[in-house]
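Step one of this worksheet: look at the structure below.
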Amino acid sequence: MTARVLVVDDLLPNIKLLEARLTAEYFDVVTATNGFEALKICERGECDLVLLDVMMPGMDGFEVCRKLKANPGTLHLPVIIVTALDQTSDRVRGLEAGADDFLTKPIDEIALIARVRSLARLKTSVDELRARAETSVALGVTDAVDHRLDGGLGGKVLVVDDRVNSSEKILSALRDRYEVDIEPDPTEALFRATETPYELVMVSLGLANYDGLRLCSQLRSVERTRHTPILMLSDIEDRARVLRGLDLGVNDYLVRPIDSNEIIARVRTQVRRKRYADSLRSNVQAAMEMAVVDPLTGLNNRRYLQTHVVGLMEQSAQKGRPLSAMVLDIDHFKKVNDAHGHDVGDEILKGFASRVRRVVRGADLLCRFGGEEFVIVMPETRLSTARLVAERVRARVAGSPFPIRGGAETLTITVSIGVAESHGGESPDALIRRADQALYLSKSGGRNRVTVDGSSAAAA
């Protein structure tokens, strides 16, 4: 999924340099030469992330950042401040204005791409949660989400650092605002992190007998700590490892010597983000437990699809991005029920849903449409890619028999699939109808096959 980056600078050569570096890494780039123009672009929702120069006439980067963070519509847009200022006081000023990260001129290309990728992943994750939460509100199954951030104070912070001077300085800076646990042993730290609801884990990259990046990776792979923010503590010479950490999913970092004001600002930013994401996940989970989930397969049902797909298609049209859908139908399912009974039919439906779920992405919308029919809506996906995914689904279903009667027997099942890409301005019903017509051709053509909609193929 390609992120769209807004580059804001009053000097055209600077814009061209950043644009060239970003497009070489397959990011989409839009540009603005002043803060007023940048605010308008952000308010129209035309970017996913902002690279913002500080020194601009009329309105400097700090002021632009403050305005973005004060506007509910742009509050959660990641902002990277680009500056020639390299004093700690300048970083603190930017953090207090709401900036998510900093790049110092001259800009290092590897650092630029690592930071942009890291924040783009964060934006994608939050956008997905927001879309699902807002769908739940539209369905009337949950209350409206408060998109404002709380103060980011209070709660538990775990510091994994075996340098006494360093950990004591962190404790001194945070103790009035957070409950801080110091753990020099990384193995014990991993255990504590999984057993205690920490708001943030700080990991030193300079642990004497353990690779701090390995601990970061372990924290990301464990279910209970997957969404806990991680802040790396690094030394100046750790630059390459810091960039590797960002690729692993670490949220932020501090470079020693640690400034008390900067650590407070960075911790507060991460805690505020976590609490907002937690509230969105809670909202989504509440919705899933209500009338929008098919109780047999655990997938979203037709009601959820009909509401959520509207928002997905509106976003696709607004951003000029592709979106595809497929309709899947288990072949000869009535014969399964007639020959083996409805209990076996239910086993097949559950097993089918499980296999398909392992093929699609988290951002894709997989629903049981009714009976033996399923629908997948795939944002940011062109017809050619959707067809490949459909072929993988078909092969996964037909590739091995399904266990039935508690595993005592097996049954071979196949699926027919129709695929269509959205035409700009059409309704969700029209898109699903075209995919369904393609499904009919798969059925009439012999089943166990994928067919793409003719009008979608012609447009592609």
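Glycine residues also receive a Cβ, built from the backbone N, Cα and C atoms like all the rest.
What TrEMBL annotates here:
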type: DOMAIN; residues: 4-120; note: domain 'Response regulatory'
type: DOMAIN; residues: 156-271; note: domain 'Response regulatory'
type: DOMAIN; residues: 321-455; note: domain 'GGDEF'
type: MOD_RES; residues: D53; note: 4-aspartylphosphate
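Mean predicted confidence for the domain 'Response regulatory' (156-271): the pLDDT average there is 94.
Taken residue by residue, the domain 'GGDEF' (321-455) breaks down under DSSP into 62 helix, 37 strand, 36 coil. Counting residue by residue with DSSP, the domain 'Response regulatory' (4-120) contains 54 helix, 24 strand, 39 coil.
Sorting each residue of the domain 'Response regulatory' (156-271) by its DSSP state yields 59 helix, 23 strand, 34 coil.
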